[in-house]
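Feature list (source: TrEMBL):
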type: DOMAIN; residues: 1-113; note: domain 'WH1'
type: REGION; residues: 136-169; note: region 'Disordered'
type: REGION; residues: 257-293; note: region 'Disordered'
type: COMPBIAS; residues: 258-268; note: compositional bias 'Basic and acidic residues'
type: COMPBIAS; residues: 269-279; note: compositional bias 'Polar residues'
type: COMPBIAS; residues: 281-291; note: compositional bias 'Basic and acidic residues'
Amino acid sequence: MSTAREQPIFSTRAHVFQIDPTTKRNWIPAGKHALTVSYFYDATRNVYRIISIGGAKAIINSTVTPNMTFTKTSQKFGQWADSRANTVYGLGFASEQQLTQFAEKFQEVKEAARLAREKSQDGGEFTSTGLALASHQVPPSPLVSTNGPGEEKLFRSQSADTPGPTERERLKKMLSEGSVGEVQWEAEFFALQDSNQRLAGALREANAAATQWRQQLEVQRAEAELLRQRVAELEAQVAVEPVRVVEKEATSQSVEQLEARVQTKDQEIQTLKNQSTGTREAPDTAEREETQQQVQDLETRNAELEQQLRAMECNLEEARAERERARAEVGRAAQLLDVRLFELSELREGLARLAEAAP
């Protein structure tokens with residue numbers, strides 16, 4: 001029978017089980033993963049069914065009747081017996097809330113099926129019982145399922161739907177013999193499998209992150225070692241600076257002495273010029289030439305002293321600039337070393353937290 005004329009009124013996901021037909025005690029899981037379980041309503045025939053499709057076959061195809069009872073056996077597991085299918089279905093939910101919603105919907109559908117039966121037995125015209133559940137209706141599902149044998153006889157008499165004393169006793173015995181502990185273990189087993197897979201994935205990601213952090217830590221350590229070496233070199237250069245300062249002070253004194261000597265020579269040159277031009281008596285040629293020669297020598301010496309003075313001033317400026325650069329480089333290296341040490345500390349704390357979080 002096609003579900004084209006049926007409408008899903010409620011859907012959820014759960015692990016599906018069926019009672020072992022041989023032992024009537026153990027549960028047989030329908031699959032390793034949770035399946036979609038839906039309530040369907042056939043407006044044409046006023047029939048409600050619980051359907052779950054696994055692969056290409058219907059795992060659950062249970063017509064809801066007023067005589068069915070959905071029993072909660074644990075916080076996340078419930079079951080009901082289907083006398084037509086001669087089996088007991090079990091559903092393991094992810095939360096107690098989902099189990100409660102399914103149980104409440106079971107009661108609504110069961111009551112609607114009872115009203116539908118009373119209307120059909122009275123011969124009265126039944127207006128769609130599914131109107132009470134229309135608020136939960138969703139677009140038609142493409143699920144395809146088939147009812148079991150005798151599908152065209154879904155509306156049987158009350159005596160036909162009601163199990164006989166022997167069948168009722170057998171169902172009660174089957175339900176009473178089902179171990180609640182086994183039911184819980186079966187449902188929790190699959191939930192633990194899913195949780196274990198998630199934990200394994202998280203552990204793999206944590207291990208990958210830890211490996212990446214260790215690599216970054218090694219790189220940071222290498223950079224920190226290079227920075228320490230650079231700082232040591234700069235500190236050695238700074239230690240040499242006092243000697244250079246003494247040399248620079250001596251150079252400054254030499255420059256001052258040279259400037260004084262230049263001034264003295266300038267004064268002597270000026271004096272000689274005054275003597276050569278201011279004398280009234282003309283000197284003889286020999287004295288004049290000697291005086292001119294002395295003036296030229298003094299001017300040459302003065303020029304040489306001025307060149308030495310400029311060279312020493314340039315050396316002094318270069319030494320001062322080199323000292324300032326060394327100080328600035330030491331400061332930058334110290335700051336960079338502080339940053340690297342802080343990053344290393346954060347990496348160590350991260351690895352410690354990861355080690356504590358790892359099982």
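Each Cβ is built from the backbone N, Cα and C atoms, and glycine gets one as well.
Annotations in TrEMBL come from automatic prediction, not curation.
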Residue distribution over DSSP helix, strand and coil in the compositional bias 'Basic and acidic residues' (258-268) | 11 helix, 0 strand, 0 coil
For the domain 'WH1' (1-113), what are the DSSP-based totals of helix, strand and coil residues?
-> 21 helix, 54 strand, 38 coil
